[in-house]
Amino acid sequence: MGLGRVLLFLAVAFPFAPPAAAAEPHSLRYNLMVLSQDGSVQSGFLAEGHLDGQPFLRYDRQKRRAKPQGQWAENVLGAKTWDTETEDLTENGQDLRRTLTHIKDQKGGLHSLQEIRVCEIHEDSSTRGSRHFYYDGELFLSQNLETQESTVPQSSRAQTLAMNVTNFWKEDAMKTKTHYRAMQADCLQKLQRYLKSGVAIRRTVPPMVNVTCSEVSEGNITVTCRASSFYPRNITLTWRQDGVSLSHNTQQWGDVLPDGNGTYQTWVATRIRQGEEQRFTCYMEHSGNHGTHPVPSGKALVLQSQRTDFPYVSAAMPCFVIIIILCVPCCKKKTSAAEGPELVSLQVLDQHPVGTGDHRDAAQLGFQPLMSATGSTGSTEGT
């Protein structure tokens, strides 16, 4: 797996998606991946499950069994849960392997087919469900489970892959509208059952907000407002001058990234004239709480300027970790070809919410849906 493949996986891992201001729905998400080597589909699969954004399940490839992820899932969910999950994941993994077999543009080397299946229950009790398919880390098809409406990115490769796969599904008498609705209903039943068990108790962790400054040329200052260690993921972070939010094109937002401990981090930066620090504040809103944070001035400004604490550093670290995670198994593949390639871990992909359903959700995944204009901006500004 070369650098291009790694970058594709990173694109999936870090979708450019500005979070919505509304409360997050309850969600259940499964992430499955199968591999082929030189045209031959490998046995086994890798799968993980997330409940309300938190890992609760991992498929043990050696024991061929779903196992709890985290002490909280192990304590609350009984043995019957893992029997049911094992049976369902095994069936889904076999179905994904059959689909990979029928992708006709496979060439030599290692290739992957990944499915992310999501169902949600919103505050108004409405439900949504979808599946998203990736070949070699590139999204090529999104499907609404309720309406069976499909969204395909603009690239010719994605169009070809989507047509190939959907034609294969049409040949399967089991792939009917009733089948897809039953798929969504099963996911929603599990989600409701897990919520009733108390395993997905909502928690709120307020962000830690830090404002730093760095001097630039001609008397301008770059001020950066960083929020970290917060949960849930939705947050509004923006700069204000004299109490009024700055225009969108005068600010730069970072993506909302995982901190690695189940919480998130993000930042927003802008440039101001030195000496006008007192006119600017960073406004933060999270889970109904809000606050303003002033720009440090005087000695504090000098001290902050001497630091190299800038948002691009923290944003680059998770990417570096992911490259290591993805590249190490690739090195193993080259040295142990006789044993077959190891499956690439999906944990880094599962740390990010994936929308369900329509064209907007495909855009939130970081890819352009068919017949749609460019959408997301990577902003953490509230909508």
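The backbone N, Cα and C atoms fix where each Cβ goes, glycine too.
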Fill in: Candidate annotated as N-linked glycosylation site in Swiss-Prot, where the set is Asn234, Asn261
Asn261
Worksheet item: Of the listed cysteines Cys282, Cys319, Cys327, which one does Swiss-Prot record as disulfide-linked to Cys225?
Response: Cys282
Worksheet entry | As recorded in Swiss-Prot, which of Cys119, Cys213 forms the disulphide with Cys187 | Cys119
Worksheet item: If you draw a 10 Å sphere on the Cβ of Asn220 (N-linked glycosylation site), how many other Cβ atoms land inside?
Response: 11
Worksheet item: What are the DSSP helix, strand and coil residue counts for the domain 'Ig-like C1-type' (207-298)?
Response: 9 helix, 55 strand, 28 coil
Item to complete: Give the number of CB atoms, excluding that of Asn164 (N-linked glycosylation site) itself, located within 10 Å of its CB.
Response: 17
Worksheet item: For Cys282 (disulfide bond) and Asn210 (N-linked glycosylation site), what Cα-Cα distance in Å is obtained after rounding to a whole number?
Response: 9
